[in-house]
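Accompanying notes for the structure given below.
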Amino acid sequence: MALLRSVVVGCGAYLPENVVTNAALAERGIETSDEWIVQRTGIRQRHIAGPDETTSVLGTRAAQAALDEAGLSPADIDLVLCATSTPDHTFPSTATQIQAALGIEGGFAFDLQAVCAGFVYAVATADRFLSTGGAKRALVIGAETFSRLLDWEDRTTCVLFGDGAGAIVLEARENDASDRGVLTSCLRSDGRHRAKLYVDGGPGSTGTTGKLRMEGREVFRFAVGSVTDVIEEAFRASGTTADDLTWFVPHQANRRIIEASADKLGIAREKVVLTVDRHGNTSAASIPLALAAARRDGRIQQGDLVMIEAIGGGFTWGAALIRW
Ligand code: UT7
C-alpha cells in the first residue's frame with residue numbers, strides 16, 4: 001500500500017475585535033507598565049473575546065477560514081479535532097460544537113487537552129488517523145479564551161495571555177515526489193511539574209472553573225533548558241537540520257524564550273515567525289494563529305519546511321515537522 005501523508009491544504013485564523021494594549025491594562029489599575037511587559041515578554045497587545053465569543057465561536061470562524069483557503073466545504077471533513085483548555089462547557093466537547101456550527105453531520109469530533117502544547121499534540125494525533133486510513137480530511141483547530149481563566153488581580157499572569165483561534169485542514173494523500181505533509185512528530189510529557197503551571201479548579205475537584213496559576217520563572221527555565229529535545233528528535237527522525245528549515249513557528253509565550261530556543265538550536269532569527277507582540281500567549285491557538293499570519297503575508301509557501309514546537313502545563317511539550 002502506498003504511504004499516506006497528512007498534507008496541509010488550508011490554514012485560517014480568527015481574532016476577537018477587541019484589542020487591549022499594555023497601556024490599557026495599566027490604566028485599568030493593574031500595577032504594571034508597557035515597558036515592563038515589552039521588555040520581559042515582547043507582548044504589546046492582546047485580543048480579548050467579547051461575552052458572546054466563546055471558544056467554539058472563535059474556533060468555528062478559524063475553521064471556516066481554513067476551509068475557504070482549501071476550497072473545501074464542511075461536508076468534505078470527517079474529523080474535527082479541537083485543542084483547547086478553555087472549552088465552552090465541561091461537556092460536550094468544543095469540537096462537536098464546531099462540527100455542528102459548520103453543519104458537518106458525518107465523521108467524528110473530539111477535544112484534545114495538552115494546554116499550550118495542544119496544537120502540536122492535535123497535529124500528531126490527526127496525522128495518525130489520516131496516515132492509517134482512519135479519516136480522509138481533518139480540521140485541526142487550536143481555540144482558546146484564556147482571558148476567562150485569568151485572575152485579573154495577579155499581574156504576574158494576567159498581562160501575558162490573550163484569546164483567539166487558528167486552524168489547518170489536513171488531507172490524506174499518497175506520498176509523491178513533492179514530499180509534502182507531516183514528516184514527523186515527537187511528543188513528551190512529565191506530570192511531576194504540575195504545580196508550576198495549572199488552574200486551581202475543575203469539575204472533579206472544586207466544582208468551579210478556577211484561575212490560572214504559574215511559577216513563571218520555573219516555566220521559563222524549563223522552556224529554554226529542556227524542550228529542545230523534541231526538536232532535535234524531529235530533526236533526527238527526518239534526516240534534516242536547522243539549516244534545512246524554511247520557518248520555525250514556535251508557541252508564542254515569550255519573545256525571550258523563543259529567541260533563546262532558536263539560538264540554542266542554531267535556527268537563524270530571520271526564520272522565526274513571531275506574533276507574540278500582537279497576540280500575547282493564546283495557548284493552543286498560538287501556533288495556528290502564527291501559521292495563518294505567515295501564510296497571509298506570503299512567507300509560508302507550498303514546499304516550505306516548517307517546524308512547529310510548544311510547551312505547556314503538565315508539563316507537555318512536542319514538535320512536528322511539516323513540508324507545507
Ligand atoms: O504558555 C505556557 C508557557 N508559559 C511561559 O512560557 C511563561 C514563562 N515565563 C515567563 O515568560 C517569564 O518568567 C515571565 C514573563 C512570566 C516573568 O518574567 P521574569 O523575567 O521571569 O520576571 P520575574 O518573575 O522574575 O519577576 C521580576 C520582577 C518581580 O519583582 P521583584 O520581585 O524583582 O521586585 C515581579 O514582581 O517583576 C515583577 N513583575 C511585574 N512588574 C510589572 C511581575 N509581573 C509584573 C508585571 N508588571 N506584570
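Just so it is clear, glycine is given a Cβ too, placed from its N, Cα and C backbone atoms.
Any TrEMBL annotation is an automated prediction that lacks curation.
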Which range, 87-91, 172-176, 252-256, does TrEMBL list as region 'ACP-binding'?
252-256
Overall pLDDT of the domain 'Beta-ketoacyl-[acyl-carrier-protein] synthase III N-terminal' (110-191), taken as the mean:
98
Looking only at the region 'ACP-binding' (252-256), how are its residues distributed among DSSP helix, strand and coil?
2 helix, 0 strand, 3 coil
Counts of helix, strand and coil residues, the domain 'Beta-ketoacyl-[acyl-carrier-protein] synthase III C-terminal' (236-324), according to DSSP:
38 helix, 22 strand, 29 coil
Please report the Cα separation of N281 (active site) and C116 (active site) in Å, rounded to an integer.
9
C116 (active site) versus H251 (active site) - Cα distance in angstrom:
7
Provide the number of Cβ atoms within 10 Å of the Cβ of N281 (active site), excluding the reference atom itself.
23
As a quick check of your reading of DSSP, tell me how many residues in the domain 'Beta-ketoacyl-[acyl-carrier-protein] synthase III N-terminal' (110-191) are helical, how many are strand and how many are coil.
26 helix, 34 strand, 22 coil
